[in-house]
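What TrEMBL records for 22-42, 48-69, 81-103, 109-133, 180-197 is transmembrane segment.
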Amino acid sequence: MANVDTTAPTPRRHGIIADIQGLVFGTAMAATAVTILTHLGLVTGQTAGLAVLLSYVTGYSFGPIFFLVNLPFYWLGLRRMGLAFTLKTFAAVGLLSVFSMLIPDWFSIAHLAPVPGAILFGMMTGAGLLALFRHGASLGGVGILALYLQDATGFRAGYTQLLFDAVLFTVAYFVIDTPALALSVLGAVVVNLTIAINHRRDWYVAT
């Protein structure tokens with residue numbers, strides 16, 4: 001009987017053109033999702049949620065706030081994830097900030113029901129993040145800090161992210177009404193489910 005090769009295929013690396021496409025696609029999807037989110041008056045988790053919440057409180061637009069709140073995390077990203085990841089993440093954050101300011105001028109939302117809107121936000125954000133992850137980038141922020149703290153203290157990264165989101169949604173309770181907060185939680189759940197189901201290294205070997 002012939003021997004069967006059961007070794008896993010070696011992942012292929014994306015080229016620069018593919019990486020650029022991935023970053024543009026991922027950030028455009030995420031920025032469109034943020035447009036839906038803010039149209040509905042909702043919030044989300046992580047650094048993007050912090051930027052959205054600050055935009056509601058201060059009246060400043062999401063894009064510049066999101067870019068600024070991510071600045072402290074690049075040093076941690078450089079130490080924990082390396083130069084290539086940090087540069088791609090910086091580019092992704094910049095693109096999302098720019099797209100989030102441009103997209104409201106490209107189209108307007110006449111009507112969007114809140115529940116489908118929250119679900120659509122979650123799916124689009126998840127798809128955008130998946131594209132960024134596949135191309136070695138992220139949207140910065142708390143995830144980098146969580147990994148750094150896990151390395152430094154042993155405290156699990158997932159717990160850090162959960163604690164941050166718990167504090168964020170608690171603060172949001174005093175900024176948006178209860179139905180909007182419930183829909184925000186729904187959107188965040190859809191984001192995480194989309195990533196958890198589709199971001200599987202045992203299923204997808206291209207990186």
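Glycine is no exception: its Cβ is also placed from the backbone N, Cα and C atoms.
Values in this document were obtained by computation on a predicted structure and should not be read as measured data.
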Two-stretch contact, the transmembrane segment (81-103) and the transmembrane segment (22-42), at least three Cβ pairs under 8 Å: yes
For the transmembrane segment (109-133): best-contacting stretch of 22-42, 48-69, 180-197, by Cβ pairs under 8 Å: 22-42
Intrachain residues whose Cβ lies under 8 Å of the transmembrane segment (22-42), provided they are six or more past its termini: 14, 48, 52, 55-56, 62, 88, 91-92, 95-96, 99-100, 102-104, 109, 112, 114, 117-118, 120-122, 124-125, 127-132, 134-135, 137, 139, 176, 180, 183-184, 187
